[in-house]
């Protein structure tokens, strides 16, 4: 049964499929609690509100017996750090340059779930299941490590010996008792490349990320003004950051051929002009980013990020596009534009 499940997952576009017991990540709840108590979640209050459910699969669904963890590869064809020395160009995280992974992964998960429900069960065995992609209180990374999909690296993300740092994760909770796979051991060793690469020092310790200093959090989740002491470190990143993932030595073994074609980057997001992003109105934003995960942050947050990137660009030609934003209806955008102008004219 387990081998047929994994074969079916591969047919549906998943690069990896492993199975864990529902209690495969027993330390997750305590580590989550410590992380929350330290305030590392920033404004993500929903993590605190559903911490008990998030801490273990049975906290969310008491009937679950096995967890099927799946990975879909988005290994990039281009170097994610290629634009580091192009300050007039905006950098979008690799994962956001293709189709919205929520939609792609969930569609495949539902198809796999339908297949699983149709398979015969042992006498008296229940067959209910639930599927999750990033939007439920599920600790995907510890569960993926417990299932043998990879291990959590010092950047706190999953690392796979086959797929590097480039896996979208999905989960199926099932009442079936499936044979679990062996967990993957930690292969980070003495390497600290991911921590050294962080432009904003978001790692207070190995395996711990302080979201309040993380560029991905600041440019995506954080709604207010970005703290001024972190703005220089943001550079030209306008949506997310790949630095800690991209420098991981295990990426040299990543199977780029396994990358799902749905996540191929759109050409217009490979190296967009910062000035063009500053000019976005709401209607144009929705038109350009329809079907992209970028749409979830809205026009105002993206323009805020672009204004900070403009301030870091040292390009005075952007002043004419920044000045109108000082009167933007969103005060956060207006403040970011004023900061950028002050920096460019200092």
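Glycine is no exception: its Cβ is also placed from the backbone N, Cα and C atoms.
These come from TrEMBL:
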BINDING   54, 134, 158, 169, 216, 241, 242  cob(II)alamin binding site
ACT_SITE  134  active site, proton donor
BINDING   188, 191, 194, 248  [4Fe-4S] cluster 1 binding site
BINDING   223  tRNA binding site
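Within the set 54, 134, 158, 169, 216, 241, 242 that the record links to cob(II)alamin, no two Cα atoms are more than 25 Å apart, and one pair reaches that distance. When Cα-Cα distances from residue 134 (cob(II)alamin binding site) are compared across the binding-site residues 188, 191, 194, 223, the shortest belongs to 223. Across the structure, residue 158 (cob(II)alamin binding site) and residue 188 ([4Fe-4S] cluster 1 binding site) place their CA atoms 11 angstrom apart. Listed in sequence order, 69, 70, 71, 134, 140, 141, 144, 149, 158 are the same-chain residues at least 6 apart in sequence whose CB falls under 8 Å from the CB of residue 169 (cob(II)alamin binding site). Under a cutoff of 8 A between CB atoms, and with a sequence separation of 6+ in the same chain, the neighbours of residue 54 (cob(II)alamin binding site) are 32, 47, 60, 137, 138, 139. Cα of residue 248 ([4Fe-4S] cluster 1 binding site) to Cα of the residue listed as 'tRNA binding site': a span of 29 Å. When secondary structure is read from DSSP and collapsed to three states, residue 223 (tRNA binding site) falls in the coil class.
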